[in-house]
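Peer 1: Before I ask anything, let me first share the structure, which is written out below as structure tokens.
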Amino acid sequence: MNKKTESKEQKRSFRSAIVLAGGRGRRMGMVEKALLEFERKTILERLLENLFRVVDEVILSVRDNSQKEKLFPVLDKFPDREIRFCFDSLEDAGPLEGIRAGLLESRSENSFVCAGDMPFVNPEIVDLLFEKASGHDAAIPRWEERMFEPLHAVYSKKMLPEIEKAFERGKHSVLAPVFQMQDVVFVEVSEIREFDPELRTFVNINTVEDLENMIGHAKEKVGL
Ligand SMILES: Nc1nc2c(ncn2[C@@H]2O[C@H](COP(=O)(O)OP(=O)(O)OP(=O)(O)O)[C@@H](O)[C@H]2O)c(=O)[nH]1
Ligand SMILES: [Mg+2]
């Protein structure tokens, strides 16, 4: 680490990331997507390596204890890092429930939230989103009018009461509480492209085809 990076890190406040991993991976055939491996590393390990360049703790948002046990071995790869688990209260309520559990567990006012099936999350973009969110309720990438990346965004704890209200109204979309918050910063994808021209940071793996497209022969390696 050079002096410039060191002084930048000293200045900033404690940062948390929440990795959503409580889904069932139905479109992939019920696999644990975070544990898919290519080039000898799981998606989760890659993601944690990238996140720990810019955050101080990571919360793995899982549905229950048996899922925690499956993901637990990844902690061995990060012996000096702060990694905790949180659990859904509502069963199969989707990513919004995972965000709620994560924000409750987070030690920071602002947390970067991403899906656990994103192998190429770019630390520079995470850094940018934290900077944009500072003093605001959230910072969310926006493609164009009403197209967003809500599972690659920074949220403050102010989202929590809005999540409660959304659930009370029977709304489970992540954007439902977002649009109720007063001070959300939208970060244009054109700005993100300056750091990540191919926007690999948003890549997520939903289907076997996604996996094949991304890593060519990975299909063989994971035995699908
Ligand atoms: N904690 C938690 N995370 C979830 C839940 N549902 C989805 N996620 C996570 O949210 C992210 C985005 O969800 P999807 O891409 O739909 O993943 P998925 O639900 O496993 O996949 P499908 O079953 O194919 O929809 C993934 O990282 C999931 O693991 C949930 O009920 N609880
Ligand atoms: Mg899903």
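Even glycines carry a Cβ here, placed using N, Cα and C.
Pulled from Swiss-Prot, these are the listed features:
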- Leu20, Ala21, Gly22, Lys33, Asp88, Asp117: GTP binding site (BINDING)
- Asp117: Mg(2+) binding site (BINDING)
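Any idea what these are sitting next to in the structure?
Peer 2: In the three-state DSSP assignment, the secondary structure recorded for Gly22 (GTP binding site) is coil. The number of other Cβ atoms within 10 Å of the Cβ belonging to Gly22 (GTP binding site), over all protein chains shown, comes to 24.
According to DSSP, Asp117 (GTP binding site) sits in a coil region rather than a helix or strand. Taking a C-beta cut-off of under 8 angstroms and a sequence separation of 6 or more, Asp117 (GTP binding site) has the following same-chain neighbours: Gly25, Lys33, Ala34, Leu36, Ile43, Asn204, Ile205, Asn206.
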Peer 1: Just counting, how many other CB atoms are there within 10 A of the CB of Leu20 (GTP binding site)?
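Peer 2: There are 26 of them.
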Peer 1: Around Lys33 (GTP binding site), how many other CB atoms lie within 10 A of its CB?
Peer 2: 25
